[in-house]
């Protein structure tokens, strides 16, 4: 069995890694030649302001007095520049947002493994293509663009990482730091001839990363006074910097300005998913080479923002976030970033039609270069007779496109040339996606075949070892040898096929894994025959009924991944289980408590997702309720007679209850301190970390009797869970544990009901006693229901209070008792611990069910 378990772990690791390899591999290719517009650009320099976490509506909408929140930027879009909405993509996080803005491509999600900080893949950017770039801001963002740059021409000035504190008095100081350092930088350049000369070169970029708005949004929510005041401070800062730069360069009219954001933010202060409040960000462009505001009488957009913002008469020019990189490159005349997939938004440009057409052609050629490299890479690793090219962009089609576009430009038919360039760009992007996902179906099928094979093998092993449905038949050695050589030959053919195609080593694992798995399945043909014979002998109506119930149960689980309310339906069905199976006749009290707790737990999936409405009094109430339950449980334990237990062992519960009381105090105290902007108290932080470390230790010291150990597990996990809670979810483990406790008792009644075994005395059941394997019983059909209960409770533990599948379901406030300074891995680890705690409760209860119902845990 240990070998079987190790094989299982290995197979599941392969399945898990395959997801990243098949769906989240890097889209980047290397080896393209830089493409640059062959005409003089309209601007010499570009100033990029990125207000991190700024929502489009927060900037554009008027306040309660009908006044703009950012008066300077409002006057710019009304009188001097062009404006619109930049549409970002999921995940709406800082790193992918900045990569899209500055490098022009949407980063693969696997970069999350680097905490969105490091460069998991090398990429080109507008900064890299510039003559010089100076940047100021966060140490999480700036270094990745300097690290990826060739040569020494991208300079960064960052504040300390500790400054990014969600519990700080005012996060706007981060933006003030940036503005102050830019001012002192320009002042110092007057006395530094080298710096002064560098600043007066062409193709210069200044990047100001403004993190204050994002930090204030997380800490206080986007509708807070702090967030809105921060927008005003950014507006004033932008005005001062724009004035300073114009004056430094003697108002030469050669500076272009862009203000945008990397992502927005939900009303509850988080981001990461695809809600419009996260994906809609502002874009204001003004200065050299930029169009002036265009008056319109009417314009149609699906949203109703224009009326709300009183901007219905100014043309709104929406772009995709990656389109901003080619816009910056075109404004200052640098080569388009090599990996950019953005389309140049021509309506923002105020330049000649020839310049627009040439820029668009450069854009098309640059994207087509990536397509060619991607195609040649795929061609090299595929046998010629198996290779299926992307037909719309064959070599002859590419030549036709180039000829037509060049002819239109020569004939000064610029609109036709631009239109053809856009068609070519769209086809090249389709082709890029086609070759990027070329092997997806093939790899997906390999994994699916492996997965089905492994599941089939596990079922056969269980049936063979734990049921009497099959007869033991001596193996035919001759047949086994033929079978072995047959599968070995198949494996060698697959390996040879992959070898001549020069496939990556991971392909060998995905394609060869099904071979030994299916060999193991086919070896069990006699078991399959016996099983089929048994199934066919069953009553047809009953079999169909059982199958339909199974399908319905699984469908409810699948639906719960999309609609949490499906869990409520499932739990309400569970509530009627004792009535349906007549169990309530022999255990009325237990059945009544079971029904009540199922209904109680069914309320949680109907509640709003955790983090949207923080409610610290509820967390404190959950802590006090835990203490109340503990007192009653302890009193009942002391009264109960158990000759095997020493009452001295119960001391550990008092320490655990003290831990719960301490956690309850720390939660209230910490959130009060943050509310009055006094930061995270050091003593509270020390206590929180000590509780996290000591809880598992105390758990191991508790008595090993069944219910006493389970009670200790609850207290131990609750002390940590309370520290990670911000609202009603603090009550969830209590309701879940109550149901698990009754479940263990109900399963005893079910055993008796079906006459499978005698009812053991649970009160004196001890985990440390070695199990007598001769006492293990064979599997019964009711065990399928038992295992379904376990899977359903695991899913309920996962989705009961939120949805981890969406990054923005979690509020950073959950970890404020432990830390308030931004640290993605530490915060992510604590949030995963919070998700795991209900899992542990269900798993421990299931193990108790397994042992007490005399089933092998295997």
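Count begins at 1; order follows the chain as displayed.
A Cβ is built for glycine as well, from the same backbone N, Cα and C atoms used for every other residue.
According to TrEMBL, the domain 'GPI ethanolamine phosphate transferase 1 C-terminal' annotation covers 430-857.
TrEMBL lists 441-462 (among others) with the feature transmembrane segment. Tertiary neighbourhood of the transmembrane segment (441-462): same-chain residues 4, 8, 11, 14-15, 18, 21-22, 507, 510-511, 513-514, 517-518, 520-521, 524, 527-528, 531, 779, selected by CB-CB distance under 8 Å and a gap of 6+ residues from either end.
Under the heading transmembrane segment, TrEMBL lists 482-499 (among others).
Packing against the transmembrane segment (505-522) from elsewhere in the chain are residues 11, 14, 17-18, 21, 439, 443, 446-447, 449-450, 453-454, 456-457, 460, 483-484, 487, 490-491, 494-495, 498: each is 6 or more residues past its ends and has a CB under 8 Å from a CB in it. Look at TrEMBL and you will find 505-522 (among others) tagged as transmembrane segment.
Per TrEMBL, the feature transmembrane segment maps to 543-563 (among others).
For 569-585 (among others), the entry in TrEMBL reads transmembrane segment. Beyond the ends of the transmembrane segment (569-585), by six or more residues, the same chain brings 553, 556-557, 560, 591-592, 594-595, 598-599, 601-602, 605, 746, 749-750, 753, 789, 792, 796 to within a C-beta distance below 8 angstroms of the stretch.
Positions annotated as transmembrane segment by TrEMBL: 592-610 (among others).
Proximity of distant same-chain residues to the transmembrane segment (616-638), defined by a Cβ-Cβ separation under 8 Å and at least 6 residues beyond the stretch ends, is recorded for 647, 650, 653, 656-657, 660-661, 663-664, 667-668, 671, 708, 711, 714-715, 718, 722, 725-728, 730-731, 734. Residues annotated as transmembrane segment in TrEMBL: 616-638 (among others).
The feature transmembrane segment is assigned by TrEMBL to 687-707 (among others).
Only residues 6 or more beyond the boundaries of the transmembrane segment (719-746), in the same chain, are considered here, and those with a CB under 8 A from a CB of the stretch are 578, 583, 587, 590-591, 593-594, 597-598, 600-601, 604, 607, 610-611, 613-616, 618-619, 621-623, 625-626, 629, 656, 659-660, 662-664, 666-667, 688, 691-692, 695, 706-707, 710, 762, 789, 793, 796-797, 800-802, 811, 813-815, 817-818, 830-831, 833-834, 837-838, 841-842, 844-845, 848-849, 852. For 719-746 (among others), the entry in TrEMBL reads transmembrane segment.
Taken from TrEMBL, the feature transmembrane segment applies to 788-807 (among others).
If you average pLDDT over the domain 'GPI ethanolamine phosphate transferase 1 C-terminal' (430-857) in this model, you get 86.
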